[in-house]
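*Asks:* This is the structure I have questions about; it appears just below.
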Amino acid sequence: MEDHAAGKKDPDGAYGTPQKYDPTFKGPIYDRGCTDIICCVLLVIAIVGYVVVGVVAWTHGDPRKVIYPTDSRGQFCGQQGTPNENKPFLFYFDIVKCASPLVLLEFQCPTTQICVSKCPDRYLTYLSASSGYTPSDLEYYRQFCVPEFKDLQKAAIEVLKDKECPAMLIPSTPLARRCLPAIQAKKGVIMVGNETTYDDGHGRRRNVTELLEGAKKANLVLEARQLAMKIFEDYTVSWYWIIIGLVIAMVASFIFIVLLRFLAGIMVWVMIVMVILVLGYGIFHCYMEYAKLKGEAGSDISLKDLGFQTDLRVYLHLRQTWLAFMIILCVVEVVIILLLIFLRKRILIAIALIKEASRAVGHIMMSLLFPLCTFFLLCLCIAYWASTAVFLSTSNEAIYKVFNETACQFSGQTCKPETFNTSNVTKLCPDAQCLFAFYGGETAYHKYLIILQFFNVFMFFWLANFVIALGQVTLAGAFASYYWAFKKPDDMPAFPLFSAFGRALRYHTGSLAFGSLILAIVQVIRVTLEYLDHRLKAADNKFAKFLLSCLKCCFWCLEKFIKFLNRNAYIMIAVYGTNFCTSARNAFFLLMRNIIRVAVLDKVTDFLFFLGKLLIVGSVGILAFFFFTQRIKLVQDTAPSLNYYWVPILTVIVGSYLIAHGFFSVYGMCVDTLFLCFLEDLERNDGSAEKPYFMSPDLKKLLKKTNKGQPDA
């Protein structure tokens, strides 16, 4: 019987519960086989297909279309190894024709665009440059003409008619590699290059405010870029202090988890007492307000007689309002006290499980670093998805369209620059131009690009959920090996985390693929609904909007439920090695049979995690605030000089939250695993020599359970 009591090692080196007299019982981490093989095969096929899509995208795609601006002939500005290598900026012949910066970024501005080495820095018209024939002005002007323009003796009217040079130059600033007017405001007056008007090149003076139609948001983006530069400067001088703050958050998170072993009970009971005292004070305050209003004019009017009032402060002058508040608080107080009386034992069990989880984490310290592995794999998924999406979106060919200033029946139609000048379009529409519009295509590959993008998004969700599931199963397997070790920690495997990781990949890849596939389908549907909602914002169909809102709400709830079910199913997979459906069913009914314990444990752990995150993030954030604002005299000279002190402070706060969340996610998985193992232990074992309890001595003492004929571990 000693082998049964101590547990038995499987070939992977993990401990499981012994073979019981109950023939249907399969001990945790014992006698495993591959599960959900079909889903495993599907996942492998999907990954192979995903790789093929990536290779095809990388073959046809060209990220330069995103990185470099493109001129009217589809050539990239600033690309090495091309004639435009030393011309990184895109210049617009007539920026006024561009409706907004959005049009500029989509390369659909109806004016000639060329690549230039620098943006113009002065006001100048071609008429003035050519009539004066100052060599320096004309030579300066020529760099903003099309590359084929060589004849400086050509009449200015002919040059402008053939659109070989722009009619005017305006002081511009490079923004997103595009030359946009250097618009600025001085004392409320819009100016460009210290001028309020400019010559449009045709002998007319125009107000610079007209340029805002072409680049009205340029200054905002420019200011955003300047802000980004200052933020970058702040990071360069404060990065090491930020790292120190994050290390402090990491140490504080670890200390908090260790202290939960000793302070969990105190924290929970102090919280309960504080809630009771706060409610008691609320009842007292309501009674005092109720008594104070006695005899005052108008205070005895009933709520029914008063009716609805937009100024809610009116209700605070009625005795009936405070009486209602007092009754509600009294009911809540009584309910909480009754719950404490009837649920006190379950609260004690929850506290004992939290303390046990702290011990388990202490024996498997590597588990605290395991989220880094999950984070790394998620980064790989995100990087592959993002790169594939970029290559797919840049797989299109250059499309040229007819642009014109006056009405033309060919406007917007596709054209070919090579044959455009000899076509009928130029005869019927003399001012029409064949300009680069965007990237597209008519081949079968281009027609199915949207499907490939959809497949890319779907595979991202599937693989990301698979990585998260793998992390959860690994942690659950490691902590289950702790619970089912009869003599803790002597009967634990040497490397519980690595053993659990190997078992998950060797036996349960299919089950993890199954669970993550279900969740991925729901998430893709939610993304689709969000896209449809975005497209319907401008529509007036209220029924469609209402139906869409209902569907979004339903699928949000469904996603939350599936995440909850998957998490507990993965624990059962790690413990028993059953397939996904069996594990999900067993976990669900096991939790339903112990729904009150589940609710109590969930609320207690939520409170402790909230308190831990609040303490860690709050304390580290306050420390960062006093340090970076130079309010700590001891290190006042050490703190760096910053443009915006909130930059490192917010970085430390967000980083501290993520670190605390990572630590507590491991701890939460430990609590959930031990809880399910505890419930299974209670249902399957009776404390006899053949079926001993594996729970800790504290839990056995709390439940008044003993292992007959055997000393407790």
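Glycine residues also receive a Cβ, built from the backbone N, Cα and C atoms like all the rest.
Quantities reported herein were computed from a predicted structural model and do not represent experimental measurements.
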*Asks:* If I go by TrEMBL, the feature transmembrane segment sits on one of 505-525, 547-567. Which?
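*Replies:* Result: 505-525 is the stretch TrEMBL calls transmembrane segment.
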*Asks:* Are the transmembrane segment (266-284) and the transmembrane segment (604-628) close enough to be called in contact, which here means at least 3 C-beta pairs under 8 A that are separated by 6 or more residues?
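*Replies:* Judged by the Cβ rule, the two regions touch, with the required three close pairs present.
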*Asks:* Are the transmembrane segment (239-259) and the transmembrane segment (459-484) close enough that 3 or more Cβ pairs fall under 8 Å, when only pairs 6 or more apart in sequence count?
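*Replies:* No, since the transmembrane segment (459-484) and the transmembrane segment (239-259) share fewer than 3 Cβ pairs closer than 8 Å, they do not count as touching.
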*Asks:* Below 8 Å between Cβ atoms, which of the listed ranges 37-58, 364-386, 505-525, 569-592, 604-628 makes the most pairs with the transmembrane segment (239-259)?
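*Replies:* By the under-8 Å Cβ criterion, the transmembrane segment (239-259) pairs most with 604-628.
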